[in-house]
């Protein structure tokens, strides 16, 4: 206790090991640890009497469990000099709260280590309908939408960037529930936990916000980041991951870290292709074993950072043994067997893996269009519990749903095409698939006069460059029989690889955000020409056009697209800055001013009169009203005293004498 640490004495050893507290960096700073117990996994629960709190350890480290206000007290969430603790069989925690003279019971609220997303199990020959159904269009989500999540209840969550809202479709519902909050500011990528808590990245203020569905909905800030999060994930221990593409790294905020500090878990902040480097990472996925998968867009590969390791390894893509190539993968998810499903954004397709390897499953024409079977710059994907695939088709401002149509491991796939032609250098084989599933074949020998031509009309070039067209990214294919492949690719500047499949250009598709134009200024630097309403190195900061604008007459400034406007409080004001007043207001102001001027003149005149009279009287000895005052005084002195006469009559039954007397009483007033 006095050493503020937890010591472990192993059997047969006299020297202890410090497992927590002073001398064990990265654990916790205790003041007076007084009791410790373990759970079934060997994690510690510690009573820190000096800090009036209960500390626990987990896979992510140490964090405060109860009494985390840093103040002693008697409230239900506070402790005062706690002494010991114990569990019951249900996981509830009992604490001896000494100074409060009570035993506190903290009830276990949740103990679920489950996952909120779907991990369907697929057979190696699973197929999806190539024609998608549009479940959400631009009318609902606007022209920009980055956030997509389907939880294990098949509830669909979509962030609407332009309207600062989160749209939620319950399974089977045609209309969404709309949630908004003052904390939502250009919401982007999202993640939903097992208890329905939504983590959303705000592009407008650079924060990850926790949004809790509790009726009206409430939100709090989870962490602030310095760069745009292109992907977020919350693992089963509620640790938050953010893929900062332009910073070339993935950061993590531990659930146990109360001050919201973050650490880099992948990438060193410099673009590169080494085992410890990333180049414009996008989507991320963390499995239940805490292995981190990263869609490394700039390196055209999927990286895996295994739990406990510092270097990554390439699972598929550039630098792996797999033959499939990518062009800016932006999202990666896993199925129940750990097979990968990848959004190959610039190739406009979805790639899936199985025991048979990697294959294209959606958008396999490599064309960017708006047809139901095509995609345009797809951003992310998510499974529902039935194995259907939801794709955020960013370029088309819509959300597509590809239905799983076959997932039987014993099925034989029958092609819908009426015929498929396979051309080789020596023979041509045509195989026709009938509705019954049977096929007929015909084989014929070429009759062309030169081996450089093939086909039924000898009008097809037999060169490998013409048949395979292996060179990518507008490179030039040169036939070369001296090489093993039989050809060479002459790459354009910024591309390399045997087939020019690797794009190392400084200016990538999303180097400049929000439709900014990237200009390469050197081999290592670039400049973004931003649209009028955006600024920053990558055009990631929205311009506040109201920053230096003053609206008059209590008008309120509102930013618009590349402009601003002043909202006037009533129709009596108008103009760019609400500076123009209506005739009614002008007339009222003039009348008001006139009355004001009259009142001021009256007050000034009265004051001048009084001052003038005082000056004449006390300075010059002239008193214009002296005679009048003296006259009033004299009149008052000579004034006749008023008399009230009261006359009393006396009478009797007898006849009054002629000379009877009348008494008169005079009374002075």
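Note: Cβ is positioned from N, Cα and C throughout, glycine not excepted.
Because TrEMBL annotations are produced automatically, they should be read as predictions rather than curated entries.
TrEMBL has this to say about the protein:
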DISULFID  491-500  disulfide bond
DISULFID  530-539  disulfide bond
DOMAIN    461-501  domain 'EGF-like'
DOMAIN    503-540  domain 'EGF-like'
DOMAIN    542-579  domain 'EGF-like'
REPEAT    71-109  repeat 'NHL'
REPEAT    269-308  repeat 'NHL'
TRANSMEM  595-620  transmembrane segment
Spatial separation of residue 491 (disulfide bond) from residue 530 (disulfide bond) - C-alpha basis, Å: 29
Distal contacts, the repeat 'NHL' (71-109) - CB-CB under 8 A, six or more residues away: 34-35, 37, 39, 45, 47, 49, 52-54, 65
For the domain 'EGF-like' (542-579), sequence-distant contacts whose Cβ falls under 8 Å of one of its Cβ atoms, 6 or more beyond its ends: 186, 204, 531-535, 585
Long-range neighbours of the transmembrane segment (595-620), counting only residues six or more past its ends (CB under 8 A): none
Alpha-carbon distance [residue 491 (disulfide bond); residue 539 (disulfide bond)] in Å: 30
Those residues of the chain, 6+ apart, with a Cβ under 8 Å from that of residue 500 (disulfide bond): 471, 472, 473, 475, 489, 491, 492
The domain 'EGF-like' (542-579) [mean pLDDT, rounded to integer]: 85
The domain 'EGF-like' (542-579): DSSP-derived helix, strand, coil residue counts: 0 helix, 13 strand, 25 coil
Secondary structure content of the domain 'EGF-like' (461-501), with strand meaning DSSP E or B: 5 helix, 11 strand, 25 coil
